[in-house]
Amino acid sequence: MKRRRVLKSLAVTGTGTLGAVAGCLGGALDPNPNVTLDQPEEYSDKYPYRNWNDRLPDVTVPAPTDGKSISIREIDTPVLTTFFFSHCRTVCPLLVGALQKVQMDSIKNGYADSVTFVPITFDPARDDAKRLEAYTEKMNIATDVDNWKFLRPESEQRAKEVIQKKFGVKFKKDPMENNDGYMFTHTMVVVLANADGYVERAYRERSPNTEQIIDDLKKLR
């Protein structure tokens with residue numbers, strides 16, 4: 001974070017100053033000034049979703065349990081997000097659960113105000129405010145700190161626009177005889193972005209490594 005702030009301050013002092021600094025450094029300015037973490041070994045620009053060094057999309061999504069709307073790019077802390085639906089019984093509890101463990105660590109270690117959690121549902125028809133309140137309790141989300149917001153696009157079409165088109169995360173509705181008539185197949189990913197809104201990591205594991213996320217997040221605070 002300090003590295004990016006220094007580079008930003010240099011940029012506004014004029015090309016002469018910046019040129020002088022570049023000369024002193026032997027032309028060794030950071031080629032990726034928007035991010036703090038190095039490019040991950042498994043990085044590929046072929047992934048459809050927002051990945052390392054990509055900027056988070058400029059979207060605003062309602063947080064129904066608060067009666068507010070959250071502008072993703074206006075969040076001024078590092079951000080953790082994932083994409084889920086509360087009726088999921090397999091992958092989603094693992095993804096949301098990973099974020100919950102990081103939230104617990106943030107409370108325990110005194111940095112709860114230095115990270116924001118914004119999981120986004122792609123099932124707005126069922127994941128209304130009442131349902132998300134119950135899901136908050138079920139997943140043991142702490143509500144006595146103001147760093148967790150479940151986000152819910154206004155409609156199915158809006159969910160496709162925000163999650164599929166903007167974030168690049170795929171999901172598909174699958175008809176079923178039970179579970180209110182449908183479930184979803186979807187991409188499994190947890191995204192960590194810095195306070196400037198640039199993606200530092202996209203964790204693609206079915207059960208994300210919470211200790212790794214905490215370690216990466218520590219470098220951004």
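Cβ from N, Cα, C; glycine included.
Database features (TrEMBL):
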type	residues	note
DISULFID	Cys88-Cys92	disulfide bond
BINDING	Cys88, Cys92, His186	Cu cation binding site
Checklist entry - List, in sequence order, the same-chain residues at least six positions removed whose CB sits under 8 Å from that of Cys88 (disulfide bond)? => result Met183, Phe184
Checklist outcome for this item: Not counting Cys88, Cys92, His186, residues with a CB within 8 A of the CB centroid of the Cu cation site are Phe83, Phe84, Phe85, Thr90, Val91, Leu95, Phe184
Checklist outcome for this item: Three-class DSSP assignment, Cys88 (disulfide bond), comes back as coil
Checklist entry - For Cys92 (disulfide bond) and His186 (Cu cation binding site), what Cα-Cα distance in Å is obtained after rounding to a whole number? => result 10
Checklist entry - Are there residues of the same chain, six or more positions away from His186 (Cu cation binding site), whose CB falls under 8 angstroms from its CB, and which are they? => result Phe83, Phe85, Val91, Phe122, Val169, Lys170, Phe171, Lys172
Item to check | Cβ neighbours of Cys92 (disulfide bond) where a neighbour is any other Cβ within 10 Å | outcome: 23
Checklist entry - In DSSP terms, helix, strand or coil for His186 (Cu cation binding site)? => result strand
